[in-house]
Amino acid sequence: MTVKTTVSSKDIDEAYLQLKDIVKETPLQKDHYLSQKYDCKVYLKREDLQWVRSFKLRGAYNAIIALDEADRQNGITCASAGNHAQGVAYTASKLNLNAVIFMPVTTPLQKINQVKFFGGDNTEVVLTGDTFDDCLKEALVYTEENKMNFIDPFNNIYTIAGQGTLAKEILEQSKDNDIQFDYLFAAIGGGGLISGVGTYFKTHSPETSIIGVEPAGAASMYTSVVLENQLVTLPDIDKFVDGASVARVGQITFDISKDIVDDYIQVHEGAVCSTILDMYSKQAIIAEPAGALSIAALDQYQAEIKGKTVVCVVSGGNNDINRMKEIEERSLLFEEMKHYFILNFPQRPGALREFVNEVLGPKDDITKFEYLKKSSQNTGTVIIGIQLNNHKDLGHLKANVDEFDKSNIYINENKMLYSLLI
């Protein structure tokens, strides 16, 4: 028996019929703020408004319903950093199936709780491993030992076809309003979304350029397709964009992406954070890091999209409110607005006032001041955080700090110190 390893637009049409009464047809909205900002027409496909607040329900349900009834009754498993897990849990509850869901221990608490909420009594959550890839190994061993069915988050043709149904929605919604897209931007984690959406667009809207967007610290598809021309595993990844931080993409998604993705963009995690804050403050859109990737990529394509029509897939909105402080911190660091130093600071009254007057600009602010070590001498070791009013003042700030203490250490340029102290 030949195992099918690719996906066609017909497969996506069939998945669409399967999912029609299960998933929500999410809005395709023109974004006036982004359109004005980039001097083009920007539309957002709002998968953050899906039942489980991400597109992953589409692929999960389609892959599970494709199993034989007997296989489904044996139970299902999955490995996921959150959104695929919610899709599997939702489906397990809907179809009254037993599900065991493996999630990395680094998964935001909000996503873990949502999986339990959607799955109810049908779902057991197992936290294991620091990354998705570590978690995946455990899930596969458990699945084989217990003769259950593993629902792959991306390397599965039914998962990919399910994700592709949002492309069918986009094109039907745009046809109703006579819209033709020049560019489509979508996030890449394991590659299921870009493979499904890209496949459908290449068949029904071949003039649209497909742009895949990855976190700079986890660009596994770009590395595999563009740099190495073979499937590779990244030795280390930045896990912050948890919904798209995958060390190794799927063989199926790799093969499809090679043919249908026109360009790959890597976005710095700090830029993702700035986009999250911008979308929330300007438009009250709550995007998770992976959900903000497609919009964050527009900065790098500003010249190309000017005067064009663009659609960005907002792939998810499962953002843990407890992460907002970290998101703001990463954004300020990326925008070069926040800076940390270790200084020898005078231990006498009035020293801090002198520092403010001599080192800071009139609108700069001290956000952190902490003695690392006090001594009986005239000075103590201090860590100080400074937020600038204008990032262009950094050179002036550094010069003033050097004059205050020539032996100072600039922590922003030392990742090890930053991770230990901030």
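Cβ atoms here come from the backbone N, Cα and C positions, even for glycine.
As given in Swiss-Prot:
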type    : residues                                              : note
BINDING : ASN83, GLY189, GLY190, GLY191, GLY192, LEU193, SER315 : pyridoxal 5'-phosphate binding site
DOMAIN  : 339-413                                               : domain 'ACT-like'
MOD_RES : LYS56                                                 : N6-(pyridoxal phosphate)lysine
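Here the features listed in Swiss-Prot are placed on the structure.
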residue	record	DSSP class
LYS56	N6-(pyridoxal phosphate)lysine	helix
ASN83	pyridoxal 5'-phosphate binding site	helix
GLY189	pyridoxal 5'-phosphate binding site	coil
SER315	pyridoxal 5'-phosphate binding site	coil
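Cα of GLY190 (pyridoxal 5'-phosphate binding site) to Cα of LYS56 (N6-(pyridoxal phosphate)lysine): a distance of 12 Å. If you take the C-beta of GLY191 (pyridoxal 5'-phosphate binding site) and look for same-chain residues 6 or more apart in sequence within under 8 angstroms, you find PHE154, MET221, VAL249, GLY250, THR253, PHE254, ILE256, SER257.
All chains included, 28 other C-beta atoms sit within 10 angstroms of the C-beta of GLY190 (pyridoxal 5'-phosphate binding site). Comparing the residue listed as 'N6-(pyridoxal phosphate)lysine' with ASN83 (pyridoxal 5'-phosphate binding site), their Cα atoms are 6 Å apart once rounded.
Counting residues per DSSP class in helix, strand and coil order gives 26 helix, 28 strand, 21 coil for the domain 'ACT-like' (339-413).
Highest Cβ count within 10 Å among the binding-site residues GLY189, GLY192: GLY192.
Non-local contacts of ASN83 (pyridoxal 5'-phosphate binding site) by the CB criterion (under 8 A, 6+ apart in sequence, same chain) comprise VAL52, ARG53, SER54, PHE55, LYS56, LYS111, GLY243, ALA290, SER315, GLY316, ASN318.
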